[in-house]
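S.K.: Here TrEMBL flags 63-80, 92-111, 123-140, 160-176, 266-284, 314-333, 419-438, 458-481, 832-859, 879-901, 943-962, 1012-1029 (among others) as transmembrane segment. Residues or ranges marked as domain 'ABC transmembrane type-1' in TrEMBL: 279-444, 839-995, 1011-1063. Sequence annotations record features per position, and here TrEMBL assigns domain 'ABC transporter' to 530-754, 1100-1334.
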Amino acid sequence: MRWVANETLHTDSPDLPECFQLSVLSWLPCVYLWLACPPYLFYLQRNNMGYIMMSVLNRVKTVFALVLWIVCWTDLFGTFNELHQGDTKPPIYFVTPLVVGITMLLATFLIQFERLRGVQSSGILFIFWFLSVLCAIVPFRSKILQAKSEIPDKLRFITFYLYFSLVLSQLILSCFKEKPSLFSNVDTDPVSQHTHTMAIKGYKNPLEAKDLWSLNKKDSSEEVVPKLLREWDLEQIKSNHVGGESSPEEVEVLLSKKKTPKKPSFLRSLIKAFGPYFLIGSAYKLLQDLITFVNPQLLSLLISFTKQKDAPTWWGYALAFLMFFTALLQTLILHQHFQYCFVTGMRLRTSIIGAIYRKSLIITNAAKRTSTVGEIVNLMSVDAQRFMDLTTFLNMLWSAPLQIILALYFLWQNLGPSVLAGVAVMILLIPLNAAIAVRTRAYQVYTAPSATLRAYRWGQGVEVVMMMMMMIVIIKSHLFIKPFLHQLMSQTSHQASVSLKRIQDFLSHEELDLESVDRNNTATGKHGRVTVVNGKFTWAKQDPPALHNINLMVPQGSLLAVVGHVGCGKSSLVSALLGEMEKLEGHISIRGSVAYVPQQAWIQNATLRDNILFGKAYNEQKYRSCLEACALTPDLEVLPGGDLTEIGEKGINLSGGQRQRVSLARAVYNEADVYLLDDPLSAVDSHVAKHIFDHVIGPEGALQGKTRILVTHGISFLPQVNNIVVLVEGRVSEMGSYQELLQQNGAFAEFLRNYSLEDIVEDEATGTTTCYYSRVIQNLLFEVRSTADFLSHLVSPPDPEKKLPKVEKLIQAETTETGRVKSKVFWEYVKAVGPLLTLFICFLYGCQNAAAIGANVWLSQWTNDAAQNMTQENISMRVGVYAALGIAQGILVMVSSFTLAMGNIGAARKLHYALLDNKFHTPQSFFDTTPIGRVINRFSKDIYVIDEALPSTVLMFLGTFFSSLSTMIVIVASTPIFAVVIAPLAFIYIFVQVLRDALISRNLHYPDVKTFIGNCIVLFAALFAVIGKNELNPGLVGLSVSYALMVTMSLNWMVRMTSDLESNIVAVERVKEYSESKTEAPWEVEDKKPSPDWPSQGKVEFLDYSVRYREGLDLVLKNLTLSVRGGEKIGIVGRTGAGKSSMTLCLFRLLEAAGGEITIDGVKISEIGLHDLRSKLTIIPQEPVLFSGSLRMNLDPFDKYNDVEVWKALELSHLNKFVSNQPAKLELECSEGGENLSVGQRQLVCLARALLRKTRILILDEATAAIDLETDDLIQSTIRTEFEDCTVFTIAHRLNTIMDYTRVLVLDKGQVAEFDTPTKLLSKRGIFYGMAKDAGLAQ
């Protein structure tokens, strides 16, 4: 092959040699396909995506490929024919048709094999056809030039154009997808299928979640979570068995060395699970970094071209288009890199959230004490997100040093040893950058994205250097490179390492032994369902055992009652049977499925029916039977929507008794083999409890034949159970049937004789069950009608004309804005930063870019001095001005970044404080109708975005915006003709921007269009430089095109940052929404503050008082007028929904008056501050509230009392024995919500808290419902003595606890029905008499 320079380079009509065309250009696509084929075939063999039926498209592709093979071999046979005729051709004429023909047969095979493996669109073949067309363009032009004079070889002329037409057709056909495959187990990529449809739909209407395509199965949690968990399990196994089996001698040696056990590495698990996929993206990043340095070389050639006045014009055009295609290729590769990074980040976040969630379900009780719900939510929302953010910039850890090395290499080529000056400055500034990074780390400022921007700006600096402006890097390197590296490695890595440690610590918590309960069907034998042998259990391994020497055998179909004092271990026994305690000794076996009814009912935010079905199929007959048995049928008749009425979060619009009955109905509907019932009857009235026992739990109930273990304080049911277990301090003190325990005449028999007369319900007259149950149903109907009144205050009142009217949803769907983010949201953030400060920040960024432009223009002019031989004359001035501009730019970068950081921190602080302050003053009704998850999300995810994600996004947006603006200014100033193309490019840019705004904020496809616009700017800048090379000096050409090269990356990042900014600014909108919700009255009213000793008497008066839950709803208390003298003990009774709890809420002003007044010692409570009021009242709620922390903190959160006073309060509340037996004593760690204490113990803790505060007014809201009768008597005695001079309001289920009270208030439908002493009320034979009669307290 003879290369003639005058025919290829130094001519206005260049052409490549025919031998080069027949060899290199023809073989290049073939070499690619043969190299790509083996791994691709292996991939297809391993990943069968189904089977695609033969289609018209597939047939046409196959026919065209076969025709191409025929065309190629026609050339081959023609060559043989010429050889036969004596016309000898070079070997290339034999080899090329043979190779290309065989390659076409390979392409034909791939077309069919891909169809059989379910490939709808082939990337391999698309690249092959594209390369074939690209390589055929040169011969296409050459043959046209030859045809102008004469066609020397007509056969090859015809076959080539047939070849070109067929190859071009194949390229076009490969752009179309085949129809979906059959029998596919692998999801296809939906993006390429629906992108354009989605774009059009999003342009017409705002997109919603339902419009999105389904997620690829390989990206779903179903796939990625088990993948990570497998690697994590292997890692834990390795750490536990790192040494394998060793001999006793080896063990002795190992023990002597005292090596610390190796911790499992969660990072290693992440790398093994998702590292290979991420490495593909890293490979794209490496390729992009190498291509980044191509354009500076091309620009250097372009500058040389402008100096050569006699150079062929096509050189300039070729360089311009090469720069365009290089920038385009660089952009495409970069987007592929980001695609892999984003998908890896998404998989990381999904898998980490799934792993944390699954772990939270099985951690031990000891671990729960150290990991609250809020901390777990934070792990899932914030720490998992940090890993997703990290993946985008992780490759910069090796990419930035690589770019530095390559930059220094090219700098050395141009500047020689002078480059060491810049390197020296960089090294000298390392300590300063280190100090700044450490300081910044302390403030937890997330700066990786800004560092990346700086890296790109530095990368463009390299390109400027290659355009004979290399001195820029010497000044800029210390401004951008080192801060970037240090900030990236110290900030991003530090944030991720902190999150990694937190997640690893949580996932390393001990888990409950899932094998602690033997569920093997043959384990218990045919006579038993539940067996415990020598059981010893504890809540945590470091705690003393809670249950000792437990031996139980519950036969199939029997009913076992578990009784005992508060804290004796009844609920612990149930937990042990569920496998939720640490088993120290013994054996548990349960045969069959288990249903559990907890002491505190768990209710979903769903309809009443869904709460009962709990995912089971709806069976009308079985469902109705459950409702009848659990006494829920009367409720359905009066509920606003029947069984389709929505139940609020935690059952807020149901009474405690109704919640418990729904929980029980759920268990009954489940039809399990074994039922564990943890005191489900304590929350209901006595007559309802008897109905439920007889119809559900008892010998003739719905669960007859099932194995039932019932924890109860109601001794009236004990004669009907098969066996009774009496627990005392975690041990079985007595066990047997009711009669056997009476005959043993032990402590329990004595207890039965003392309390049975008070608790057993006596039937009237005939004593028939029919008469009794008719009265029960009447009571239930009365109860649920009152409940319906209560419900009507939370949902819209029912329409009497419709059976099941449409009711207002209690929990409304979270509001979601569609379309563009409103400018008001941006303005709110600007106000949080400060309007003047915002303008000042923008001004600083403008000055910073002006200084950069000035430095570059000055350097451009400096490079022209050499042409005018003025280098030595102006060197001092040039260096001085350039140094001043560089220093000014550095100072402005520092000041602008610092000012922006301070503004962002101030904004985040203001927004968080406003949210926190508002939520501390938000009425209770807001929390009743708002899921707590939404509130937590505002404080975790949204505040995280405002704290960390939004500042970096704003920083990058400002940088890219001013960088793009600077580029336009410089290019137009250098080549004014460039202004002609700005208008059409701006139009396309704005159009695509509007289209993007209609789409999802993080769409990854439409930024490609905008990068194409950036590449067009590169093209036009280079073309105009070529056109005006006679008028432009090399310095201006270098300046103009170097800025154009920067704009592609700047536009790309500006589009991405615009999307991120709109996405992240939504957090401000969400936080502002909850910061501006309606608040309660002021906490303090200075001119209405009561005296410090108020209330001195405790006199409470209701004066014509009325209240409603919210505007527009009916009154729940109607014209209530009563007076309570100081020191009186008032019992409050009434059916569910009568207004008992509402009355106590009004005392705390959780509900504000609709009319009338409440006065305490003559002070109107509506006029004073809420803090002054509530600090003088104490309530012991039905559902006790405990916080995660020590027991002492729960008793005395503000450290107002000494240990002697605390222990005295524990003694009076009968908790001192329990606490003194704990190793930690008062520092006993309480789990979140007090879950490591029984419900009864929690109620006693609340009582001890009240005894410490001892305010003048005390409210007890069924505070002893979960306490046994004996302890209840002791508590009532404590209340009478310790609160003798206090005013006490008690809401009670057990009427015997209030029979000695000063007076009893009977409420009915929000009004005072009866109010007098118990003796007088009984003599009147009114409502209170009826209730006392039902409870067996009156004849």
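Easy rule for this one: first residue shown is 1, then count along the chain.
Any Cβ shown, glycine's included, is placed from N, Cα and C.
Just so you know, TrEMBL annotations never went through curation; they're auto-generated.
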S.K.: Cβ under 8 Å, sequence separation of at least 6 from the ends of the transmembrane segment (123-140): give me the contacting residues as numbers and ranges.
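M.R.: Apart from its flanks, the transmembrane segment (123-140) reaches 15-16, 21, 25-26, 28-29, 32-33, 36-37, 40, 107, 110-111, 114, 160-161, 163-164, 167-168, 170-171, 174-175.
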S.K.: Counting Cβ pairs under 8 Å to the transmembrane segment (160-176), which of 63-80, 92-111, 1012-1029 comes out on top?
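M.R.: Ranked by Cβ pairs under 8 Å, first place goes to 63-80.
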S.K.: Give residue numbers and ranges for long-range contacts of the transmembrane segment (1012-1029): same chain, 6 or more residues beyond its ends, CB-CB under 8 A.
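M.R.: For the transmembrane segment (1012-1029), the far contacts come to 302, 305-306, 313, 316-317, 319-321, 323-324, 327-328, 331, 967, 971, 975, 977-978, 981, 985, 988-989, 992, 1037, 1040-1041, 1043-1045, 1047-1052.
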S.K.: Treating G and I as helix alongside H, and B as strand alongside E, what does DSSP give for the domain 'ABC transmembrane type-1' (1011-1063) in helix, strand and coil?
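M.R.: Counting residues by DSSP class gives 47 helix, 0 strand, 6 coil.
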S.K.: Grab the pLDDT values for the domain 'ABC transporter' (1100-1334) and give me their mean, rounded.
M.R.: 84
